Amino acid sequence: MPNPLLLAAARSDRMRGLVTSVPLTRGVVDRFVAGEDLEAATGVVRELAGAGLRVTLDHLGEDTAERAQAEATRDAYLAMFAAFEEQGLNDGADASVKLSALGQALDEDLAFDNASEICAAAGRAGMTVTLDMEDHTTVDSTLEILGKLRAEFPWVGVAIQAMLRRTEGDLRDLAHEGSRVRLVKGAYAEPASVAYQGKPEIDRAYVRGLRTLMAGSGYPMIGSHDPRIIEIAQALAATLGRPAESYEFQMLYGIRAAEQRRLAEAHQMRVYVPYGADWYGYFMRRLAERPANLAFFLRSFVSR
Ligand code: FDA
C-alpha cells in the first residue's frame, strides 16, 4: 500500500522545498515525468506514438491557491492542444486535468469555467479530456463539474478510485452509454471511514468496479499496472464479448514500459504522460506507491 509518510510529504511545503532544491533529484524525476516543458513532452509523445501507444497529457500542478495560477494552467492546456494539432499529434490523444489546478478549492465556478475552456479547445483540436480524481473531499464537486461539462462535451471522462467505499454506487451511475471512466486504485491517503485500507480489500473493490464497468455500456479505461487486474479485465472482456475497441488499458509513463508495448499489440493502450515544472506532488505519490522507488531515489544521493 502507498506509504502514508510519503503521501503526507507530498503535501508538505517544507519537504517540497527540500526535495526540489537538490539537483540530483532531477535524474530520478525523469523516470516518471516527461520533462519540464511542452517541447520535452511532445518528444516523448512522438516516441510513444511510434510504438503504437496513445497518450493522455497531464500538465503538472495541483492545489492551486491563486486565480492567476489557475488561469496559467488553463492556458498551458490551450497551448498544448494548439501544438498537438499543428504537429499532427492530436489524433486519438487525450488530456488529463486536475480540477484543483484550475481553482476548485478557491471557487468551483472558476474551476468549471477553466475546465470548460479546456474542453472547448480540446474538442476543436479533435482531442478528449479526462478529469483526474483527487482526495475524497473533492469527489462530489468533481462529479458535479463532470455532469455540467458533459452537457456540452459528452466525451469528457473521469477517474474513479476503487479504494473509496462510495465508488460502487458512483460506478453504477457512470456505466452508461458514451461514459468514459478510468478506474484506478487510488493514490491519496484516506481515512478508514471513507476508504478501504489494505491491498487485498482495495484489489477486491477494484475487481467489483471493473465488473460493473465492463458489464455496462460505457467505455471502461483500466488504469492499473497490476498484472492480475489486467488478466481479469481481459477475461471479463472475453466472457462479456466486449470487442478490443470498446475499452482500453492505461498506465503511467515510466512504469512497466515493456508491458505497455506488449499490451498495445492486441489492445488499445494509453500512457499517462505528465510534464511541467510542478512535478513534486506527482513524483512523491509515485515514490509512495513502491518502496523500491524510494530506495532508488535515496541511492542516487549516496552513489555520487
Ligand atoms: P499496485 O499499486 O498494486 O501495483 C501493481 C504493480 O505495478 C506493482 O507491483 C509494480 O510492479 C507496478 N507499480 C505500481 N506503481 C508503481 C510505481 N509507482 N513505480 C513502479 N512500479 C509501480 N490515482 C488517483 O487517485 N487519481 C487519478 O486520477 C489517477 N490517475 C491515474 C491514471 C493512470 C493512467 C494510472 C495508471 C494511475 C492513476 N492513478 C490515479 C494512480 C492509481 O490510483 C494507483 O496509485 C497506481 O496506479 C498504482 O496502482 P496499480 O493499480 O498500478 O497497482
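For all residues, glycine too, the Cβ spot is worked out from N, Cα and C.
Remember, TrEMBL labels are computer predictions, not curated facts.
Listed in sequence order, the residues of the same chain lying 6 or more apart from LYS98 (substrate binding site) and placing their CB within less than 8 Å of its CB are ASP58, GLY61, GLU62, LEU131, ASP132, GLU134. In the three-state DSSP assignment, the secondary structure recorded for LYS98 (substrate binding site) is coil. Here TrEMBL flags LYS98, ARG285, ARG286 as substrate binding site.
As annotated by TrEMBL, FAD binding site applies to MET133, GLN161, LYS185, GLY186, ALA187, LYS199, SER224, HIS225. Secondary structure at HIS225 (FAD binding site), taken from DSSP and collapsed to helix, strand or coil, is coil. Long-range Cβ proximity for HIS225 (FAD binding site), meaning a same-chain Cβ under 8 A and a gap of 6 or more residues, is found for MET251, LEU252, ILE255, ARG256, GLU259.
Feature annotation from TrEMBL assigns domain 'Proline dehydrogenase' to 45-296.
The Cβ neighbour count for LYS199 (FAD binding site), using a 10 Å radius and every protein chain shown, is 13. ARG286 (substrate binding site) has its Cα within 10 Å of the Cα of these binding-site residues: ALA187, taken from GLN161, ALA187, LYS199. Sequence-distant neighbours of GLN161 (FAD binding site) (same chain, 6+ residues apart, CB-CB distance under 8 A): MET133, HIS136, THR167, VAL184, LYS185, GLY186, ALA187, TYR188, ALA195.
Contact annotation for binding-site residues (LYS98, MET133, ARG285) versus ligand 1: MET133, each with CB under 6 Å from a ligand atom. Straight-line distance linking the Cα atoms of ARG285 (substrate binding site) and SER224 (FAD binding site), rounded to a whole number, equals 15 Å.
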